[in-house]
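Features reported for this protein in TrEMBL:
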TRANSMEM  20-47  transmembrane segment
TRANSMEM  59-80  transmembrane segment
TRANSMEM  100-119  transmembrane segment
TRANSMEM  223-248  transmembrane segment
TRANSMEM  290-308  transmembrane segment
TRANSMEM  320-342  transmembrane segment
TRANSMEM  416-449  transmembrane segment
TRANSMEM  501-520  transmembrane segment
Amino acid sequence: MNFHSVHINLFLYQEGKCLYVVLLMAVYWCTEALPLAVTAMLPVCLFPTMGILPSKKVCVQYFLETNFLFLSGLVMASAIEEWGLHRRVALKVLKIVGVKPAWLILGMMITSSFLSMWLSNTATTAMMLPIANAILESLFGNVETLKENCKDKSDPEGWFGEIHIVCVTKARREAQYQMKVWKGFLICIPYSASIGGTATLTGTAPNLILVGQLKSYFPECDLINFGSWFVFAFPLMLLFLILGWIWIAFLYGGLNTRLCISKYDEREATEAKATAVIDEDYKKLGPIKFAEVSIAFFFILFAILLFTRDPKFITGWSIFFNKGYVSDAVTGVIIISILFFFPSQRPSLHWWFDSRASNTPYVPLLSWRKAQECVPWNIILLLGGGFAMAKGCEESGLAVWIGKHLQPLTQVPPSVAVILITAFIACFTEIASNMATIIIFLPVIAELVWTNAIHVKVNPLYFMIPATTGCSYAFMLPVSTPPNSIAFASGHLMVKDMVKTGFVMNILGILCVSLAMNTWGLHMFNLHTYPDWARPLNASSASVATYTIATMNMTG
């Protein structure tokens with residue numbers, strides 16, 4: 001009996017030490033008392049010294065295959081930015097959609113979301129905002145003049161007559177409308193960048209953290225890869241993007257009778273100027289270069305190979321290799337390795353026949369120096385810190401302890417729980433980075449389902465996917481995400497603008513995720529059944545029998 005008590009106390013002691021490290025990292029991540037990457041390295045210092053986990057188990061978490069997949073996406077993005085392919089794509093889309101406010105906002109959102117699927121959200125926003133400002137200045141003139149015209153310049157003494165007052169009022173209303181459209185342009189870019197990043201596995205770090213946590217808690221689960229995630233998340237992204245466009249265009253004056261009807265008025269001349277600005281910027285790029293064509297080819301190949309490796313709904317090309325040997329990380333590293341030796345200029349073969357002929361200087365599509373400068377290595381450390389923290393929670397028993405104490409939540413119907421989880425994560429990520437949010441809460445959600453499998457009988461993906469997606473839906477505050485901060489730093493947005501717009505965007509995002517999980521996601525990932533790969537090792541077949549979500553809703 002005494003030995004048993006000592007064993008229990010020792011076990012709880014391990015849990016307490018791990019909980020201390022988790023809370024310390026959570027506070028540091030939320031307050032940024034230390035740089036995020038430095039906080040991410042705390043497990044290397046604290047887990048071994050506190051006897052929670054040996055260093056050989058901690059350090060290996062910082063460069064799992066998930067990190068290599070993320071690294072390959074970052075390197076590909078660096079090559080795209082190096083040769084300006086992203087700017088050519090952006091201007092081409094804007095040329096296609098036209099310059100009427102609502103359509104131009106849509107064009108900005110489509111371009112930002114597409115680029116954000118492959119580039120970082122921050123880089124996309126930083127690239128698109130100068131383009132938006134140039135178009136807006138051609139449409140409405142100088143923003144400071146516009147702000148001045150928005151002020152009330154009425155004549156309280158009546159010195160200038162009724163006609164003058166009418167003209168001033170009309171000019172002020174027009175200036176206020178133009179200022180609203182300007183704000184709509186600025187606010188749609190960071191929002192669509194955040195939305196677009198959710199569509200691909202490499203688009204934003206939380207998606208990769210989901211994959212890493214699944215491999216840690218459920219090693220036999222192979223449902224989430226680049227292809228299967230894209231098939232699920234891309235329609236969700238499109239739905240949310242369209243609804244977000246309707247809301248932003250409605251709120252900031254873009255939706256009116258001029259949306260689809262060509263009507264001559266005083267605004268038509270300014271729209272023609274904006275079209276000329278876009279055309280001029282596109283012409284400045286010149287003819288498409290050999291390097292841009294090459295990058296586009298490898299980028300498309302990169303996406304196709306990742307998508308078709310094992311898309312689940314059809315047989316992928318991975319069957320030509322030993323099962324489990326080739327992952328998305330292998331595919332990504334193969335493609336980016338080619339970038340370091342493939343020439344950026346069309347090779348000349350004249351020197352093969354004439355040794356005196358000039359040869360094209362050899363410059364690869366991407367140099368290692370450029371990759372070092374552009375790749376945000378701090379994000380790699382953040383990913384590793386999240387995986388290390390999750391491993392510590394698992395090994396120490398903290399995750400099991402948390403899961404048992406959350407058992408009352410298992411009484412909530414799963415469909416309602418999806419909405420509550422997404423809403424909570426979306427609110428929390430307003431004050432903390434999306435990576436910190438998902439690193440803290442995803443292990444808790446996984447353990448909640450795993451520990452209470454006998455009572456819950458819910459596919460873990462049914463809760464983990466909404467949490468992952470929801471942590472990218474931070475729209476209400478300037479500090480919520482770097483893209484929000486960049487847009488706010490322009491000086492033309494107010495906090496109340498972001499709160500008013502972002503509150504509805506959060507609601508739309510939560511509803512879209514709930515719809516996706518209960519329609520196409522339900523069938524894609526077999527969420528209506530409790531999978532074999534999620535069964536606790538000590539549970540009998542009878543105790544973890546398959547239940548449908550519909551049954552759970554009736555019994556919950």
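Placed from the backbone N, Cα and C atoms, the Cβ positions cover glycine too.
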The transmembrane segment (290-308) vs the transmembrane segment (416-449): 3 or more CB pairs under 8 Å: no
Residue numbers, six or more beyond the limits of the transmembrane segment (320-342), whose CB comes under 8 Å of its CB atoms: 65-66, 68-69, 71-73, 75-76, 79, 201-202, 225-226, 294-295, 298, 301-302, 305-306, 309, 364-368
Beyond the flanks of the transmembrane segment (20-47) by at least 6 residues, Cβ under 8 Å: 53, 55, 58-59, 61-62, 377-379, 381-382, 384-386, 388-389, 392-393, 398, 431-433, 435-436, 439-440
Long-range Cβ neighbours of the transmembrane segment (501-520) (under 8 Å; 6 or more residues past either end): 187, 191, 195, 232, 235-236, 239-240, 243-244, 247-248, 251, 415, 418-419, 422-423, 426-427, 462, 465-466, 469-470, 473-477, 480, 527
